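I have placed the structure first, in the form of structure tokens, so that the comments after it can refer back to it.
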Amino acid sequence: MELPWTALFLSTVLLGLSCQGSDWESDRNFISAAGPLTNDLVLNLNYPPGKQGSDVVSGNTDHLLCQQPLPSFLSQYFSSLRASQVTHYKVLLSWAQLLPTGSSKNPDQEAVQCYRQLLQSLKDAQLEPMVVLCHQTPPTSSAIQREGAFADLFADYATLAFQSFGDLVEIWFTFSDLEKVIMDLPHKDLKASALQTLSNAHRRAFEIYHRKFSSQGGKLSVVLKAEDIPELLPDPALAALVQGSVDFLSLDLSYECQSVATLPQKLSELQNLEPKVKVFIYTLKLEDCPATGTSPSSLLISLLEAINKDQIQTVGFDVNAFLSCTSNSEESPSCSLTDSLALQTEQQQETAVPSSPGSAYQRVWAAFANQSREERDAFLQDVFPEGFLWGISTGAFNVEGGWAEGGRGPSIWDHYGNLNAAEGQATAKVASDSYHKPASDVALLRGIRAQVYKFSISWSGLFPLGQKSTPNRQGVAYYNKLIDRLLDSHIEPMATLFHWDLPQALQEQGGWQNESVVEAFLDYAAFCFSTFGDRVKLWVTFHEPWVMSYAGYGTGQHAPAISDPGMASFKVAHLILKAHARTWHLYDLHHRLQQQGRVGIVLNSDLAEPLDRKSPQDLAAAERFLHFMLGWFAHPIFVDGDYPTTSAQIQHINQQCGHPLAQLPEFTEAEKRLLKGSADFLGLSHYTSRLISKAGRQTCTSSYDNIGGFSQHVDPEWPQTASPWIRVVPWGIRRLLRFASMEYTKGKLPIFLAGNGMPVGEEADLFDDSVRVNYFNWYINEVLKAVKEDLVDVRSYIVRSLIDGYEGPLGFSQRFGLYHVNFNDSSRPRTPRKSAYLFTSIIEKNGFSAKKVKRNPLPVRADFTSRARVTDSLPSEVPSKAKISVEKFSKQPRFERDLFYDGRFRDDFLWGVSSSPYQIEGGWNADGKGPSIWDNFTHTPGNGVKDNATGDVACDSYHQLDADLNILRTLKVKSYRFSISWSRIFPTGRNSTINKQGVDYYNRLIDSLVDNNIFPMVTLFHWDLPQALQDIGGWENPSLIELFDSYADYCFKTFGDRVKFWMTFNEPWCHVVLGYSSGIFPPSVQEPGWLPYKVSHIVIKAHARVYHTYDEKYRSEQKGVISLSLNTHWAEPKDPGLQRDVEAADRMLQFTMGWFAHPIFKNGDYPDVMKWTVGNRSELQHLASSRLPTFTEEEKNYVRGTADVFCHNTYTSVFVQHSTPRLNPPSYDDDMELKLIEMNSSTGVMHQDVPWGTRRLLNWIKEEYGNIPIYITENGQGLENPTLDDTERIFYHKTYINEALKAYKLDGVDLRGYSAWTLMDDFEWLLGYTMRFGLYYVDFNHVSRPRTARASARYYPDLIANNGMPLAREDEFLYGEFPKGFIWSAASASYQVEGAWRADGKGLSIWDTFSHTPLRIGNDDNGDVACDSYHKIAEDVVALQNLGVSHYRFSIAWSRILPDGTTKFINEAGLSYYVRFIDALLAAGITPQVTIYHWDLPQALQDVGGWENETIVQRFKEYADVLFQRLGDRVKFWITLNEPFVIAAQGYGTGVSAPGISFRPGTAPYIAGHNLIKAHAEAWHLYNDVYRARQGGTISITISSDWGEPRDPTNREHVEAARSYVQFMGGWFAHPIFKNGDYPEVMKTRIRDRSLGAGLNKSRLPEFTESEKSRIKGTFDFFGFNHNTTVLAYNLDYPAAFSSFDADRGVASIADSSWPVSGSFWLKVTPFGFRRILNWLKEEYNNPPIYVTENGVSRRGEPELNDTDRIYYLRSYINEALKAVHDKVDLRGYTVWSIMDNFEWATGFAERFGVHFVNRSDPSLPRIPRASAKFYATIVRCNGFPDPAQGPHPCLQQPEDAAPTASPVQSEVPFLGLMLGIAEAQTALYVLFALLLLGACSLAFLTYNTGRRSKQGNAQPSQHQLSPISSF
């Protein structure tokens, strides 16, 4: 049944047939049409006898592109057609061939002339051409992407065709296959939209033809499928409303010979069309016509008679089905009517086997039984049909892992693993961990160039219990991400609903033996169709159900391990079949119309052949085997709805045994009807073959073979594999395909070959799977034979498997993957095997052709319209004006300098990677390559290269082009910058010796890059001079200018038609200085005073010479650009305020980059500072002239302007300081007169990580040389022997590229591209292989040099896909208000602010003791006075009023109330302070939030053990009781403990906090924590039981936690580490209180395991009794939560002997270097983590009411009132809290930490958290509001962030009494690089951060106006307004 979307086309285009359709001349001869020409037809007609596959008229492969000269036999062929009464011939034009550019302005004239010649040949043979404008594939063009563009382009193309061929053509068709054209349109998923597009295009062509070309007297139509017409008979009234758009109706007609209706009757039915219309049968397909049936001639005669007799308005039809064309060496090709009717399918004709036996199996056996081995194994050199799909498969349980992730339920395979049933006790719990790696797996597919990916969906991953319920969101998200990634990479998803992994919950109800599972499966399938069907168009209901039935329920080898072959296996299969049929009908009825997909089933089968080829019994047994294996499922679906008749064997054996040995269920008649035809395709998987004999002595055992009555064997000559059941029998797949086609699909349905492969064993070579390479070659070639020679309609070939996985009972011992997976590494790295490259090659060739199939990829284009233009001929000033870069940025605060910027680069930005020949190619002496200076150098002893390494092999890229291309595709790079080895193509350096093999290598590389849509950027010289040229002096010899030009000229001529970006030299500074000054690089010359200048002089002139050669000889034709790559570090003045350092920094830049750039980009001469300095020093050295050579005026003019773009390589930055070096001996280094100082010291890295230097360097280049196009051609970080998790490199690229983005977006630098150094690990010069720069790890110890992706290789493609670093949707700013009644608060703590440490009877606390202990507190600070809040109640209340908060959270000093910690004595003076303070708060309308304990334990209690002494629980309860009694009438918000984690872990673990205990880190923290929890619970119960009723307050605890993100989200261990981090920090105390009264399981498990592992007899973590658990559980009224930052967590295994909290947690943490820093080393600004951890609290603890009781950020250094960093922090974090509210988190309040600067524990007063500055230089300690205080006050007044689009909000107006804050320190503050007065800075601050506007007189007014301009629809603004020099 054709898809119903054709209704739209019919109704919108063809209902109103034009009146011209009825004017067809009555005397016009009847049309009998043949054609068109196809590649197969031409091949068959041109083949000598014996080479033809069959007599083919219109083959099944690509239509023939017109190429001159036309085949010589065409004239004879056309004449024979005319002699056979053929009158017309179909010709298919190629749109893409005629208009290669897409525009009729530039047609391919050769193609036009070719088609005219073809049409004229037809006319000469008296055949009338019938021309189709668009047969299948429209040309790929970016223009088609635009809405409405297709119709315009098609009209343009049609006009050209009418003009060019109209004099030769009278009959035109716009489209002949609508469905295939739609599939090739950009928006094919929207079928209705695509059909409307074609309708518009057709109408345009029709109108143009009849308006402009009516004089030609022709007709125009479009081809439709005939079976749609009866269902779509139009209403006459509707027809009148539609204008005509065809002259006659053209149909694609299929007819079944065995149909009840005759063909004439079928034609007569078409006459019911209204209005009456002439009908032409464009294609006549005769199906299911047996060779012994009606003769073709009689059928043809009956057709003609019916037409004449019944006056059927049929003007003609296709006669291909009645023609037979032959050719031999002696006669010309000829065609005639045939007497043996061909069986024509939708795409091809299949020749029936003559005189074949009755059954399909016997006919197949007869066709191949007598083949000789030579004939059977002959290799077919041919290609698959166009559109053939190449794919790869996996199964969910094989690869996903993630067994306990995000709510996923267990499957039967999880249960199977728990039984330790698999080899090596392997389980599927982690498998290949694909659950965490969807992007990585898709990248692998992209690398192979797969077109389809067959994967399965985990049923229990979506529905944990199998039944319809709330789906698992994380599971849905995983598959959405996978599918979206596939489509982004142009890979078609083929989703399997069931691949053996039934939810265990359903298995416990009987599994597939329980009828209810069918309903459950239907619900699951319906959800998948609804959720994913908008993108998935190929569905598989069941994958290999035979395996599930046989091995799962028959032999019990597979899960669920049930052994019942006679009963269970048949019952399971029965229910699977019913589930499949109902699922297909579900899709057909409810989803097909909208989604336009296809649903099938994948069945597996071996091929069976008789053991005794002459035995009829064995032949019958073999046929029975096939029906038992394949027919068991295929026959009901594809034949008649019931099991095959061979199932009678079951009845037979039951009768023989006298009891039911097996029971085959029966289908009802309704079920049979449901089953029959319930598939859109047959999926087939096949691995091996079997020899079958009749069963020997039958027994009454219920084995599979015994029930089937056969016995299985293998030929011992068949090669073995690692699997005992797979033998290599390639020809079996061809025979099986032919059988399946004849028995089941019969040409009506396509076959998708959905599984084929073989495993290698663990003991085999990990990467060289040559045996599998052979397997694929043989098997795929047999599939090709089935398609080409047997004409089986196979649409795909899908390899098993993409990666190694869990193979059920065999565990991980058998490896099917094209990619090897290292299961011993937690990150499960994937490395390509040899077979991956082979499969790619087959895909690229679409089979086994000598040439790759041209895919016409969209070319990556770089914009070269704006090239560098030198307009200023003046030399640079000294120092240059580019020093503005220093002035512009030197005063930036660190926070502003490093703040991450969100944005994208220009659309055509070139993202690439770089390499160089000596470093990667190897093949140092291969195929005639000559030696280079690096070959000579590395083979010379004592060369200084680490480990005596050489580049002889390196990465072996010379021999592994496929491997390099694989990883380039995987990375999605748009460009590849590589270098040509001079000595590889000119072994002696001269063009008299050209090495063809070397040239061929680069041609293959360049061609492959272009074919893969990767832009080649080619460097001519990357330090590897041919040794033969060095022998004549190398670059000291001026003759190299001419020789280099000769080499370059050859490269331009040979490669320039494809290479459009050239660089002459890479980093000439390195080659010159390291090769001729220090001499550490070849040619190892040490003459530092003269030779660097002499050599550079020649290099510059050589560059200029080559530039002019390209410019004069090649540019006009090749249209490329040419430049050179320069390098330098950024030079930052050590003291930007010291002019000498500024000049020294500029001098360094001029002596490095300017040395070469100044002559080329400036004035043709060296920088004046170089000439001045070297000249003066030469004179001081008593030399007659400067050591720096001079250019003549002619040379200056020749050199000046010899670069089109600016390419530079950069890695790091250095501090530069002026220095006066020695004069002698003369040296280039000393000439610079400076000293370099490293910015920081890092170990294990090649370069210091100084990303901000990139932005400054780019700005310097812009200022120095003008704003010319710039390409960063190298940038990367080298690491010493890094792991695959190279997080440091990710941070490096992330921050460096972000600085480049700032330069582009904020500073206007014309940056066009970025190339990462380097693609893969390589030979790193003197460091050999010890320093690794590669995005890919290369194993240099393995002969094949396998490449494995590092984490950075996963990060970089995402950068490319996003074209930069756009703001993530979740990070977009959210405008809105918090809920009414939301609490805004500020916080402090007693010891941190009160002071008065011995006043009025206060007792000592542990912090008094700790701070008076030497070396405990930074700067020897203490809290004796602190902020003196004890004496400043009024001042503190005023500070709170400044903020406008409704609440204030403070703590009570235990020792101020109870000096010795007990109730023996209550200090009334201390209590009075709190009463007075609380009263003052209440009087000011501020509600107190009181923390009972904030770390300051009375020292008297610590003296008896503190929190390690269990008696403290009662002491704390008594202390709390005093507070409840005395203050409870005023205080309604109580917090028992603040951050117990810090108390326990830092006070009793690390000892960095009071009481400073660190010598029992494995026990003390847990004991203290245990008592803290019990103390909290007792205090809560006290309040709940005694005080709550009369006081009406609430009480809970404040728990602190960072958020933990996995360092590598794709690494399962890192994911688990992040969870452990949060559970050990926040869950330690939250889990007992808010969950179940006990510690988190991960804590209990890890601490117990480590305790026992250390020899202890129990866990170091104390246990709660059951009564304690009950008493602790639920002791909360709300969740008090403190949060400041986020970490990146990863697993770290400590030795068992280590006993500590950190060792137990087993987690290490780092920070992303792009995260803004604060004044605290541990606190990085990470707003996103705030929302995530709030959501975690919601999910983990059932969404309790949450109050954020602390959140803030610190600063260090000189105090400033303009705390822009804190405003950024508060704005970002509070906005994330607002988002959490929108996530339904029950957030009730927010508290800023802190109200004022205070004593910050061990750091003293160095870290300032306060929104009020406390001026400690003033004895009165005034509280001065910072800008952040006023910002926070605005948020409080507004209760959030008013939407500017809603107009000005009153809350944004400053209160009238708000006075500007005067600074106690300075009158001006720096703001974004400017010095502003406090008032101006404050205004600018509010403008920038609070309201995102530039310049403000009225804050609210401008907010309103900017909001109106920027708001688009309902979208939230996603980017701040940015200062040109700010990253804010």
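Heads up, the Cβ atoms here are built off N, Cα and C, so glycines get one too.
What Swiss-Prot records for Glu1274 (among others) is active site, nucleophile, and it gives similarity to another entry as the kind of evidence. Every protein chain shown contributes to the tally, and the Cβ of Glu1274 (active site, nucleophile) ends up with 24 other Cβ atoms within 10 Å.
Listed in sequence order, the residues of the same chain lying 6 or more apart from Glu1750 (active site, nucleophile) and placing their CB within less than 8 Å of its CB are Ala1387, Arg1449, Thr1598, Ser1600, Asn1682, His1683, Asn1684, Thr1791, Trp1793, Ser1794. In the three-state DSSP scheme, Glu1750 (active site, nucleophile) falls into the strand class. Summarising the annotation, Swiss-Prot assigns active site, nucleophile to Glu1750 (among others).
The N-linked glycosylation site annotation in Swiss-Prot covers Asn370 (among others) and is backed by sequence analysis. Just so you know, the Cβ of Asn370 (N-linked glycosylation site) picks up 9 other Cβ atoms within 10 Å once every protein chain is counted.
Among the features that Swiss-Prot reports, N-linked glycosylation site is placed at Asn514 (among others). The DSSP secondary structure for Asn514 (N-linked glycosylation site) is coil. Remark: Asn514 (N-linked glycosylation site) has Leu506 as non-local neighbours, by Cβ distance under 8 Å and separation of at least 6 in sequence.
Sequence-distant contacts of Asn824 (N-linked glycosylation site), defined by Cβ-Cβ distance under 8 angstroms and a gap of at least six in the same chain, do not exist. Positions annotated as N-linked glycosylation site by Swiss-Prot, on the basis of sequence analysis: Asn824 (among others).
According to Swiss-Prot, the feature N-linked glycosylation site maps to Asn936 (among others), an assignment based on sequence analysis. Under a cutoff of 8 A between CB atoms, and with a sequence separation of 6+ in the same chain, the neighbours of Asn936 (N-linked glycosylation site) are Gln1027, Gln1030, Pro1082.
The N-linked glycosylation site annotation in Swiss-Prot covers Asn991 (among others). Annotation note: Asn991 (N-linked glycosylation site) sits in a coil segment as assigned by DSSP.
Annotation source Swiss-Prot lists N-linked glycosylation site at Asn1037 (among others). Within 10 Å of the Cβ of Asn1037 (N-linked glycosylation site) there are 14 other Cβ atoms, across all protein chains. In the three-state DSSP classification, Asn1037 (N-linked glycosylation site) falls within coil.
What Swiss-Prot lists as N-linked glycosylation site is Asn1176 (among others). Here Asn1176 (N-linked glycosylation site) comes close to no residue that lies at least six apart in sequence on the same chain with a C-beta under 8 angstroms from its C-beta.
Other C-beta atoms found within 10 angstroms of the C-beta of Asn1281 (N-linked glycosylation site) number 10, with every protein chain shown included. The secondary structure of Asn1281 (N-linked glycosylation site), as reduced to three states from DSSP, is coil rather than helix or strand. Summarising the annotation, Swiss-Prot assigns N-linked glycosylation site to Asn1281 (among others) and lists sequence analysis as the type of evidence.
The Cβ of Asn1509 (N-linked glycosylation site) has 16 other Cβ atoms within 10 Å, all protein chains considered. According to Swiss-Prot, the feature N-linked glycosylation site maps to Asn1509 (among others).
Around the Cβ of Asn1657 (N-linked glycosylation site), a 10 Å sphere holds 6 further Cβ atoms from the protein chains shown. The N-linked glycosylation site annotation in Swiss-Prot covers Asn1657 (among others).
DSSP classifies Asn1762 (N-linked glycosylation site) as coil under the three-state reduction. What Swiss-Prot lists as N-linked glycosylation site is Asn1762 (among others), and the listing cites sequence analysis.
As annotated by Swiss-Prot, N-linked glycosylation site applies to Asn1815 (among others).
Restricting the average to the region 'Glycosyl hydrolase-1 2' (364-856) gives a pLDDT of 95. Per Swiss-Prot, the feature region 'Glycosyl hydrolase-1 2' maps to 364-856.
Per Swiss-Prot, topological domain 'Cytoplasmic' is recorded for 1903-1928.
By a simple count of nearby Cβ atoms, those within 10 Å, the most crowded of the glycosylation sites Asn991, Asn1762, Asn1815 is Asn1762. Under the three-state DSSP scheme, Asn1176 (N-linked glycosylation site) falls in the helix class. Comparing Cα positions, Glu1274 (active site, nucleophile) lies closest to Asn991 out of the glycosylation sites Asn370, Asn991, Asn1509, Asn1657, Asn1762. Each residue contributes its Cα atom, and for Asn370 (N-linked glycosylation site) and Asn1509 (N-linked glycosylation site) those atoms are 93 Å apart. If you measure from the Cα atom of Asn1762 (N-linked glycosylation site) to that of Asn1509 (N-linked glycosylation site), you get 47 Å. DSSP assigns Glu1274 (active site, nucleophile) to a strand in the three-state reduction. When the glycosylation sites Asn991, Asn1281, Asn1509, Asn1657 are compared by Cα distance to Asn1815 (N-linked glycosylation site), the shortest distance belongs to Asn1509. Of all the glycosylation sites in the record (Asn991, Asn1037, Asn1281), the one with the smallest CA separation from Asn1657 (N-linked glycosylation site) is Asn1281. The glycosylation sites shown are Asn991, Asn1281, Asn1509; of these, the one with its CA atom nearest the CA of Asn1037 (N-linked glycosylation site) is Asn991. Asn1509 (N-linked glycosylation site) and Asn991 (N-linked glycosylation site) are 89 Å apart (CA-CA, integer value).
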